[in-house]
Amino acid sequence: MTDLSVSAKLTEYKPKNKVRFVTAASLFDGHDASINIMRRILMANGAEVIHLGHNRSVDDVVTAALQEDAQGIAISSYQGGHVEYFKYMIDLLRQRGGAHIKVFGGGGGVIVPDEIADLHAYGVSRIFSPEDGQRMGLVGMILSMIQACDVNLSSYAPTSLAALQEPDLATRQRSLAQLITALENDEVDPTLKQAIHKEAETKRVPVLGITGTGGAGKSSLTDELIRRIRLDQNDKLNIALISIDPSRRKSGGALLGDRIRMNAIMPWGVGSEPRVFMRSLATREAGSEISPALPDAIAACKIAGFDLVIVETSGIGQGDAAIVQHVDTSMYVMTPEFGAASQLEKIDMLDFADFVAINKFDRKGALDALRDVAKQVQRNHELWSLKPEQMPVYGTQASRFNDDGVTALYQGLLEKLVQQGLPLQPSKLPKIDTRFSSGKNVIVPPARSRYLAEIADCIRHYHRYTAKQVNFAREKQQLQASVKMLHKAGRTVDMDDLIQERDNHLDANSKQLLNSWPDMQAAYAGDEYVVKIRDKEIRTGLIFNTLSGTKIRKVSLPKFVDHGEILRWLMLENVPGSFPFTAGVFAFKREGEDPTRMFAGEGDPFRTNRRFKLVSQGMPAKRLSTAFDSVTLYGADPAVRPDIYGKVGNSGVSVATLDDMKVLYDGFDLCDPATSVSMTINGPAPTILAFFMNTAIDQQMDKFRADNKREPSADEAAKIKAWVLQNVRGTVQADILKEDQGQNTCIFSTEFSLKVMGDIQEYFVHHQVRNFYSVSISGYHIAEAGANPISQLAFTLSNGFTFVEAYLARGMHIDDFAANLSFFFSNGMDPEYTVLGRVARRIWAVAMRDKYGANDRSQKLKYHIQTSGRSLHAQEIDFNDIRTTLQALIAIYDNCNSLHTNAYDEAITTPTDDSVRRALAIQLIINREWGLAKNENPIQGSFIIEELTDLVEEAVMQEFERIAERGGVLGAMETGYQRGKIQEESMHYEHMKHDGSLPIIGVNTFRNPKAGEAPQKIELARSTDEEKQSQLQRLEAFHAKHASEAPAALAALQQAAIANENVFNQLMSAARVCSLGQITTALFEVGGQYRRNM
């Protein structure tokens, strides 16, 4: 272990050597906000950073560190299983010759002091705690890491060619990595360097150079080409990939970011050889597109036994073509947006490139771009005997799984590379006749890309319209009052024409609102509110009597007499349950059912089932909210491998099969109107939803068998299934857009995930699933990733409207699906959270009615609130309940539809029984003891609330316009707009927290002077070995039981995806005989894996 205790507050350190770090978030962990901050500070202080992103296995990280020959590894781990993860990393590094690589980590308060000490003793260099952050500062922490890793690794490099010709492939690659480091540092003996080049000249190994403009998708395209080579050649070829990125002139640091985009470079299958070697090089020179060490690195790769060397350069300008002299075949990657055709004449690479790929071919004008580029290539090469369409110019869409344009490019490249010595077996891939992508499956049609700007216009128009109507109403009343006063004074003035003019300007809706105002006042003035539905009267009590005898009204109305103010209030606020639903979507809260929905999940399904029974004990309504462990969240099965095993059943419940789901909800009637289940899962949500629906169906099948003492007939079974689907109540999160933007549990390609989301909704429409939400459009995780409340709200609503546009594009009617959409927000400490719900409801209602023509039910935005997890702190954790209480209070005041209050100890561990009971008590005390909560519109009428509402709404509209400028949500995601904004806001918060300018009681101010005397002992909720072993055994038994049925079910599932049929329909069958991991793996093969973003 490295002693860093002296580095209490480093403020400046300049490394003597080129220090390289591999950074990542741990396996099944999407919390990458912190590690992104750390890698930025590392780079700004001179380090070369190979960033792998989130959800990275120990094998991924160690392989990268060895191939990249890094001095250090930095890992964030917020999802549990950290002890097993870091120890396994130390073990693998020692096994593979990387014991000298220093490992650093952090996880906020999740990694407790005893665990930190254990990991330090095992060999981890440093696990940083929140206290370290306070003492050292962010920059101080990073500088201490750089200082500890500031060593020259050139001495590890081999001194002869023999090391590059070892029979063991992994050993050979390790020697190559160390040699490239010495070559980069220019510390290789000249005689050895000369021998390397001389030996390389005897090898017939083709070198493919890939260059192009920044942001053209070179890395994704490179990865797709590698995937096709491996598939086509049965993974028999050894490939070296050298990726070059620019160094920063000021700091000397570099972000070597191409590895994060690679899905096809790791070994395929347990025990298989590492066929792809990847090395990232920094240019280490200003203004250069290649590294000075590139020729030497290529020569070294040639003699290390590779069949193909691929070089990918950093983004280049129009006049750059430096790569050409170093490679045998060159390819230029561009996008359709190059401006006028005359701009093509300025692109130097079009003179030299053997192949041109116009990537992102789904963009506007792609076919025109293909034609213009082909003609330019024809002119540049004077190939007048050939047609433009015969030029080696291809239209590709690397982001689209199995794109035929990419396959066509691959097949064209193959012909050239074979001529240069690439050893090939017969090709397995079918021949592609076209030269461009034929994929036309768009989520949101290009013609609708301005939908958010249109919605912003719609909302602003409603406010302008309201202001005009208010003015006409006020002037009409003033004129009428003037006539009365003048008449009373004995004067006669004819103002009828002026009154009539104002009346003519008032539309029917405004008149109806004003005319019904006295009736509304009367309806809310009595002791009961009476509604007649057909022949039935529904009575709701309106009065609560305090101990002092004061009558508190359930809904209080304003005392306005001015018709303008009355109309403004009715059009912008109104009572709960009335358009625009600013105060709430229901007239009154449901009697006997508090909005309480407590998040629970830990260990195996048996343990979580007991927790569900605890939190719902004595509750007339069973509102269950399910937290899944990170293994489940990423669609994997439990396994014995340490970095997986440590996470099984931690921070959530392990669910891998239909049998697990049945145990999880045992004892709860899932079709009872008083039972509602929420499942917080996204990437594998379709599979988990299929498990759940089958569980609900099987419950009713079992009930039929018990009642009738026989099996149901086929007709009876079909009727039972139909009834269950129409009656089951609940929500599945399934929000892929926010996952890509902030939460990071995407597992499939975004396009495929969104297609399956649409399949679920179509299934719901077809089967009349009206009481279950097909998606919970979530801002909570966007906030947890670091977004401020305005960004959270704007991004969440924009995602919601994107689903609307996507489902409309599939041919669904707005009122067939809008009621199946729900929302999920965070409540933090910022003032904007007080009005977040009311702003959301008003924007949604106005847009749905006036923009989309939706009915009353579709206009009602229903949302769940969870108190902020980010506002929970490991220091003075008892104070967390105070924060949570305030956040819960504003959620209840704003009429959220359901509420989860975090337990105070969630900053450190999965909550215990005692902490959950305290968290639940917060809600119960507010709902049942807190006097003002007896009123259901307590924040209406407040000046600051109304001002905040307008300010936040306008800020959201401005964000809508910024997103629209980037082509809508999907276009903005492609450029990383949302993710970048979230990270900026996260960094702003972290800096203010660390420097104390944002006061946080007990953390950076009002600190406990006795805090350091004895660490507070907290009961840690961790899954037990018995629970983990039980899950592994149950999974094995399930696989054995269904071994004969699973292959056919998986094949049918894959065929449904290939044929563009409804995947969820087939999932309902596959879920009965296949485990979660089996289904995920099968869908990877036909839908593609998610490609991480920087």
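Here the Cβ of each residue, glycine as well, is placed from N, Cα and C on the backbone.
As written in TrEMBL, here are the features:
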DOMAIN    18-156  domain 'B12-binding'
BINDING   His31  adenosylcob(III)alamin binding site
BINDING   Gly215, Ala216, Gly217, Lys218, Ser219, Ser220, Arg261, Asn359, Lys360, Phe361, Asp362, Glu974, Asn1093  GTP binding site
BINDING   Ser219, Asp258, Glu312  Mg(2+) 1 binding site
BINDING   Ile244, Asp245, Asp258, Glu312, Thr313  Mg(2+) 2 binding site
BINDING   Phe588, Arg623, Arg729, Tyr773, Ser822, Arg857, Lys862  substrate binding site
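Feature map: annotations from TrEMBL on the structure.
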| residue | record | DSSP (3 states) |
| --- | --- | --- |
| Gly215 | GTP binding site | coil |
| Asp245 | Mg(2+) 2 binding site | strand |
| Asp258 | Mg(2+) 1 binding site | coil |
| Phe588 | substrate binding site | coil |
| Arg623 | substrate binding site | strand |
| Arg729 | substrate binding site | coil |
| Tyr773 | substrate binding site | strand |
| Ser822 | substrate binding site | strand |
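Across the domain 'B12-binding' (18-156), DSSP classifies residues as 71 helix, 29 strand, 39 coil.
The C-beta environment of Ser219 (GTP binding site), restricted to residues of the same chain at least 6 apart in sequence and closer than 8 Å, consists of Ser243, Gly257, Asp258, Arg261, Met262, Glu312. Taken residue by residue with DSSP, Glu312 (Mg(2+) 1 binding site) is part of a strand.
Neighbours of Asn1093 (GTP binding site), defined as other CB atoms within 10 A of its CB across all chains, total 20.
Take the Cα of Arg857 (substrate binding site) and measure to each of the binding-site residues His31, Gly215, Asp245, Thr313, Lys360: the nearest one is His31.
Using a 10 Å radius centred on the Cβ of Gly215 (GTP binding site) and all shown protein chains, the other Cβ atoms total 14. Taking the Cα atom of each, Asp362 (GTP binding site) and Arg623 (substrate binding site) are about 44 angstrom apart. Highest local Cβ density among the binding-site residues Lys360, Arg857, Lys862 belongs to Lys360, counted as other Cβ atoms within 10 Å over all protein chains shown. Of all the Cβ atoms in the protein chains shown, 23 others lie within 10 Å of the Cβ of His31 (adenosylcob(III)alamin binding site).
The binding-site residues considered are Gly217, Glu312, Arg729; of these, Arg729 has the fewest other C-beta atoms within 10 angstroms of its C-beta. Comparing the binding-site residues Arg261, Arg623 by how many other C-beta atoms lie within 10 angstroms of each C-beta, the top residue is Arg623. Sequence-distant contacts (6 or more apart, same chain, Cβ under 8 Å) of Phe588 (substrate binding site) comprise Tyr529, Thr540, Lys554, Val555, Pro576, Gly577, Glu936. In sequence order, Gly209, Ile210, Thr211, Ile244, Glu289, Ile290, Ala322, Ile323 make up the list of same-chain residues 6 or more apart from Thr313 (Mg(2+) 2 binding site) whose Cβ falls under 8 Å from its Cβ. Mean pLDDT for the domain 'B12-binding' (18-156) in the predicted structure: 95. Asp245 (Mg(2+) 2 binding site) is 13 Å away from Gly215 (GTP binding site) when you measure Cα to Cα. Excluding Ile244, Asp245, Asp258, Glu312, Thr313 themselves, the residues of that chain whose CB lies within 8 A of the CB mean position for the Mg(2+) 2 site are, in sequence, Lys218, Ser219, Ile242, Ser243, Leu256, Ser280, Leu281, Val311, Ser314.
As a whole number, the greatest separation of Cα atoms within the substrate-binding residue list Phe588, Arg623, Arg729, Tyr773, Ser822, Arg857, Lys862 is 22 Å. Of the recorded residues, Arg623 (substrate binding site) and Asp245 (Mg(2+) 2 binding site) place their C-alpha atoms 51 Å from one another.
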